[in-house]
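Taken from TrEMBL, the feature transmembrane segment applies to 12-30, 42-64, 76-100, 120-142, 162-183, 203-221, 233-257, 277-297, 332-354, 360-377, 389-410, 416-434.
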Amino acid sequence: EEAIFLRKKITLLRAFSLLIGSMVGSGIFISPKGVLKNSGSVGFSLVVWFSCGLLSMFGALCYAELGTRITKSGGHYIYILETLGPLPSFLFLWAEFFAIRPANSAVVSLAFGRYMLEPFFAPCAAPVPAVKLVSLLGYYMVLTLNSWSVTWSARLQTALSVVKLLALALIIVPGMMLLAQGHTENFQDAFDRQSLVLDKLPLAFYAGMFAYSGWFQTSFVREELVKPERNIPLAVIVSVITVIVGYMLTNVSYYTVLGTEDVLASPAVAVSFVQRAFKSLISVVPVLVALSCFGTMNGGIFTFSRTLFVASREGQWPPLFSMIHIRRHTPLPAVMLMFPLVTAMVCIGDIYHLLTFFSFSRWLFIGLATLGLIVHRHRHPELHSPFKVPLFVPVSFTIICLFTVAMSFYSDPVNISIGCTMVLSGFPVYYLIIHRQMSDRCRNLFSSFLFFPTLSDYLTHKLQLLLEVVQQEIKTY
């Protein structure tokens with residue numbers, strides 16, 4: 001009896017929880033190893049962590065302004081589409097679906113499985129098949145929840161955000177206590193230049209920015225936010241500052257308790273920390289970290305399904321994925337679409353290779369989105385925005401993103417080339433399917449088997465044929 005659309009159910013508290021829940025996930029518990037390995041020393045790794053936080057704040061402020069200028073959901077995709085045009089937006093969509101999002105979800109899922117099983121196998125490492133099985137079970141649970149209810153997904157995100165902050169507190173407090181007692185031996189020669197390798201710094205930034213990634217999540221659900229002009233900037237600023245402070249204190253705690261060799265040797269830094277600092281909590285903290293990863297999975301599915309939903313509505317993705325469940329009011333087809341790719345990447349992937357693989361494409365398109373903000377300002381100077389950042393913020397953020405992407409070709413040419421090839425493979429698809437005007441006959445044939453414009457009519461027709469066959473067999477019998 002009512003119109004079917006995505007309801008405005010995300011309040012300021014839920015927006016804050018979505019951002020915190022998306023940023024504080026597996027990154028702070030697995031990325032310290034990658035940052036330290038590629039920065040070379042404790043001091044430079046802390047500089048990288050702070051720089052990544054500052055860079056994330058710049059990007060978050062740019063996206064907050066884009067969210068007040070462009071009123072559609074869809075995040076990176078809709079911002080690139082509205083400012084730079086349909087080709088780069090489709091290339092982002094192509095790379096996001098086939099590389100960025102499934103690899104990101106696989107990384108978080110694998111971290112969830114590893115930390116969930118850690119208490120049961122300590123001090124030994126958990127078997128890899130068991131980790132992958134638990135990872136997939138966790139991902140499927142989140143997938144089911146997002147298909148069932150928007151409200152319950154948002155409530156779960158709020159609850160898990162509290163769990164995430166509690167997990168960070170359990171790491172920060174003992175580390176600060178030891179530091180106050182004078183345990184500073186692990187910070188001697190913190191800025192050792194001999195171990196610094198400049199061409200590896202982009203990989204250190206990728207690992208750090210992965211831990212902060214999630215500051216853009218409110219832009220994906222813009223149409224479902226209550227009072228977005230006010231709540232987007234407020235939620236972004238408060239959440240990013242909270243995470244920067246938490247991450248810096250967490251890393252100082254890691255280095256206070258663990259030496260550089262321990263951090264580099266540990267597959268799960270938070271577990272090694274607890275084994276050294278709090279043996280009584282050895283079974284508690286890994287579970288809290290696993291729940292933190294669970295919340296990040298929930299936030300990722302919640303937001304990416306909106307990207308597919310908007311892209312389908314804009315005509316660059318099959319119309320099936322712009323459909324909403326008539327009773328649940330969830331974008332069910334869009335939620336379920338990532339199921340096979342994430343399953344495949346979890347089964348065959350490794351965390352650190354996946355992280356480098358998808359980081360190139362992600363930061364390339366985030367840089368293009370903030371470049372689009374500069375273009376949009378130039379094209380529409382008359383447009384009043386309730387939130388506006390100084391011009392040097394999007395300019396500096398865009399330059400740093402694109403420079404880091406360019407430098408990464410030298411740091412890790414194999415994985416970056418694979419990511420670049422994945423992006424470029426979208427060109428022929430765009431020109432053959434999206435851009436080119438097909439004949440009506442070809443379009444109808446293609447739509448019938450791929451786009452399903454009248455899915456209910458198609459299924460009804462097939463069901464009628466099946467019933468006729470059954471009736472004829474009954475009569476014959």
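Cβ atoms here come from the backbone N, Cα and C positions, even for glycine.
The shown structure was predicted, so the numbers you read here are calculated from the model rather than taken from an experiment.
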Which residues of the chain, 6 or more past the ends of the transmembrane segment (120-142), have a CB below 8 A from one of its CBs?
105-106, 109-110, 112-114, 267, 271, 275, 282, 290, 293-294, 297-298, 301, 339, 342-343, 346-347
The transmembrane segment (416-434) touching the transmembrane segment (233-257) per 3+ Cβ pairs under 8 Å rule:
no
When only pairs 6 or more apart in sequence are counted, do the transmembrane segment (12-30) and the transmembrane segment (389-410) reach 3 or more Cβ pairs under 8 Å?
no
Stretch of maximal Cβ-Cβ contact with the transmembrane segment (389-410) [cut-off: under 8 Å; candidates 42-64, 162-183, 360-377, 416-434]:
360-377
With the transmembrane segment (42-64) as the reference, which stretch in 162-183, 360-377, 416-434 has the largest tally of C-beta pairs below 8 Å?
360-377
For the transmembrane segment (162-183), find every same-chain residue at least 6 residues outside the stretch whose CB is under 8 Å from a CB in it, and list them.
20-21, 24-25, 28, 246, 249-250, 252-254, 256-257, 270, 273-274, 277-278, 281, 284-285, 288-289, 291-292, 295
